[in-house]
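Residues annotated as L-serine binding site in TrEMBL: A:T228, A:S229, A:E230, A:R259, A:E282, A:N379, A:S381. Taken from TrEMBL, the feature ATP binding site covers A:R259, A:R260, A:E261, A:V275, A:H276, A:E277, A:F278, A:E346, A:V347, A:S348, A:S349. Marked as coiled coil by TrEMBL: A:33-64, A:293-320. Per TrEMBL, the feature domain 'Aminoacyl-transfer RNA synthetases class-II family profile' maps to A:137-406.
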Amino acid sequence: MLDIKFIRKNPDKATELLKKRKHDHKVNDLLQLDELRREKIVAVQNLKEVKNQKNQEITAAKKEGKDFSQIISQMKDVSKDIKTHDNEISEIDDKIKTSLLQIPNIPQDDVPVGDESQNEIVSVHGEEPQFSFTPKPHWDLGKDLGILETERGARMSGSGFNVLVGAGAKFERALINFMLDVQTSAGYTEVSPPHLVLRSTVEGSAQLPKMEHDMYNTQPDDLFLIPTSETALVNLYREEVLPAKNLPIRVTAATSCFRREAGAAGKDTRGLLRVHEFKKVELVNFVAADKSDEALQTMLKNAEAVLQKLNLRYRILLLASEDMSFASTKTYDLEVWSPGVDRWLEVSSCSNCTDYQARRANIRYKEQGGKPQFVHLLNGSGLAVPRLMAALWETYQTADGHISIPEALQPYFGGEKEI
RNA sequence: GGAGAGGUGGCCGAGUGGCUUAAGGCGGCAGAUUGCUAAUCUGCUAUGGUUGGUCAACAAUCAUCACGGGUUCGAAUCCCGUCCUCUCCUCCA
């Protein structure tokens, strides 16, 4: 969430910046609540001061054996007033919090304004692969080679679920190990978090209440299946004050991700393009407030490294203000070229969320002798497995319907060169 | 799942209704002293909110003893609920 002090001091600026996201929030209503809250606090604070004084008088009187019944009868009313005010304040607090949670983060100055048609292509890398034949889409390759079972997956779990078999399953495992090795040698610490998390954890990473219907919830314990390991990783240090010398903290995790994708049925869902359960290597950075711009560039390079080592054609997009996720101030997407489906596929999204998530999850850092302040959080994929695998299969397919193993992956594949 | 014990500041640990603006210790910071990497002494030691201020140092004030309710003029302390930790039993990859 945003800092209400920022909104209080710059209401016009805040409104203007949020317009970039097509977010028409009633900032004035929020500020009125804020003012009311402060009035109430001043009032109740004075009452409590009286209460504390009188309590001391009672203590003294009792010690000296004097009568203090009159003070007590005065205090009954004061205490009642305090309770009334406190209740009102906590109601106002709830409203303010709800309001703040509906306000997205503010885009940075160099973010293009508008919807996804305004996304900027920053750069395109690698050559378009050439074929002497018509390249197959990955679902045909997978089916013909017996390594991807979409029908059997759907039979056991419904549409949007698939089964990898034999070399397909091995390919996925090789890819994950490869990507984790790339990121850990780039300085990331590997983490294996839970896949089920508490409601409060999901709230901490800003996915509730907005995303509730996009997530799988389990009963009777009310645990949520993580839609991305970002959910777990961001919460690693919730409610903590980190020593500044420990920063930056860079963590990576390979986890399954679970998404209901409600409303997306039928759209770009074939094969591995959009599934309910998939594996992804995630990158999360906790950095000092003045280091997050730089960290975003580094994180983008970390994600790109995977595509480069696999010799894939890809491009970098700078997302427009309305296309970014709620918490982000600036987001780069990585899209890989997938010749069989003849499309660019999104395999990573790297965002600088500044202090937006940290304020909500209360993650701070502190210089020795300094004051705590909120860390800046960045997250990015490094990368999402199914679409990357689709692009690899399609790019590396051979005329006789096989798939050659990219050189970088061969060590993870027992030295084999072809499926 | 069953039985029991517990949750107090950065850490240890006292505290069974007002004398706690949380004792004492450890650690940390600053200073004093000492002929040396030690000892001793003194002071300081959290977070958040609100108000005042050249919104920066700071000052005042309120809140915070796992969390949320309740009883009371008054709660770290009593009552209820929740969460977590430990021990034993049960179960189990």
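Here the Cβ of each residue, glycine as well, is placed from N, Cα and C on the backbone.
What you are looking at is a predicted structure, and each value in this text was computed from that prediction instead of being measured.
Proximity to A:V347 (ATP binding site), judged by a C-alpha distance within 10 Å, picks out A:S381 from the binding-site residues A:S229, A:R259, A:S381. Residue pairs drawn from A:T228, A:S229, A:E230, A:R259, A:E282, A:N379, A:S381, the listed L-serine binders, are separated by up to 18 Å at the Cα level. Taking the Cβ of A:S381 (L-serine binding site) as centre and 10 Å as the limit, one finds 27 other Cβ atoms among all the protein chains shown.
With respect to A:H276 (ATP binding site), the closest of these binding-site residues in Cα terms is A:T228, chosen from A:T228, A:S229, A:E230, A:E282, A:S381. In the predicted model, the domain 'Aminoacyl-transfer RNA synthetases class-II family profile' (A:137-406) shows an average pLDDT of 89. Listed in chain order, the extra residues whose Cβ falls within 8 Å of the Cβ center of the L-serine site residues A:T228, A:S229, A:E230, A:R259, A:E282, A:N379, A:S381 are A:I226, A:P227, A:T231, A:L233, A:T255, A:C257, A:K280. Maximum intra-site Cα distance, ATP binding residues A:R259, A:R260, A:E261, A:V275, A:H276, A:E277, A:F278, A:E346, A:V347, A:S348, A:S349: 19 Å.
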